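Asker: Shown below is the structure under consideration.
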C-alpha cells in the first residue's frame, strides 16, 4: 500500500512539473538561441522578458527576435528590418513578408486533412549550397512526381507553399526554427515532405583508344593511325527524404545512394526510388 502511495505521489509530482514547464513562453532569437521564461511586455522596439525561475527583467531589441511561441500555444514571428525575400522569376511578383508582430497563420485538422506540402529541398554540391534555384527545382520535381503517384492526397502547388512561407517571414534559412507540426499548421497541410540532395564529384577517368587503317593489305607500311581520348567524371548522389505529419510524427525517412553514380548530375531516378517506397505512393 505504501509503495502504491509513493508511486501515485511520484506521478503527481511529475505531472505538476510537466505542467509548469509548459506554462512558459519560448523566444527564438535570430542567431538561433532559445530563451524560456515569460514575455512581460512587447513595445514598438523592445521586448521585456523574465527567464524561467528568475525575477530580473531583461530587455531585448525586437530586431534580435525571430519568433515567440507563447505558453498558450500561439506563435508570433518577428522579421528583421530590411530583410529581402529571395529573387523571383521574371514577371512574378515577390510575396510581401508579414510585418513584425503579425501572428502566424494557422489551420484546423479538418482543413489540413489529406493535404501534402513539399518544402524546398537542401541541395549540396561538394558540401556547398547550390543556391535557391536548385532548392526550388528539386521541390518542383518531387511535387510533379507526387501529383502523378499520390491520387489519394491533394498535393499543394509549390508556389502556394513558398508564398505562404514568405508572407509569414519564413525564408529557407529559418525553416529549422519551426517544428514540422508548426509548419503543417502554417501551410494548412497534413503532411510535409522535406529532404536533401547531396552530390560529391569523384575523380576524373580518362579512356584512350588507338585505330590504324591500312590502305594496302600487301603494304603494311601504308595507312593512317588515329587516337581518341575520352574523359568522364562520376558524381556520387545521395538523396534523403523525410515525411512528417501534423502531429510532428516522422512517418517516413529514407536515404538512398544512386547506383553507380552518374556523369550528368541527375538525381530524379534516386528521388523516384525513395518516393515509390513512401506511404504517400500509389500506382
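From the backbone N, Cα and C atoms, a Cβ is placed for every residue, glycine too.
Because TrEMBL annotations are produced automatically, they should be read as predictions rather than curated entries.
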Asker: In TrEMBL, which of 44-78, 79-113, 114-148 is tagged region 'Disordered'?
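Answerer: Spelled out, TrEMBL records region 'Disordered' over residues 79-113, not the other listed ranges.
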Asker: Region 'Disordered' per TrEMBL: which of the ranges 174-202, 203-231 is that?
Answerer: 203-231
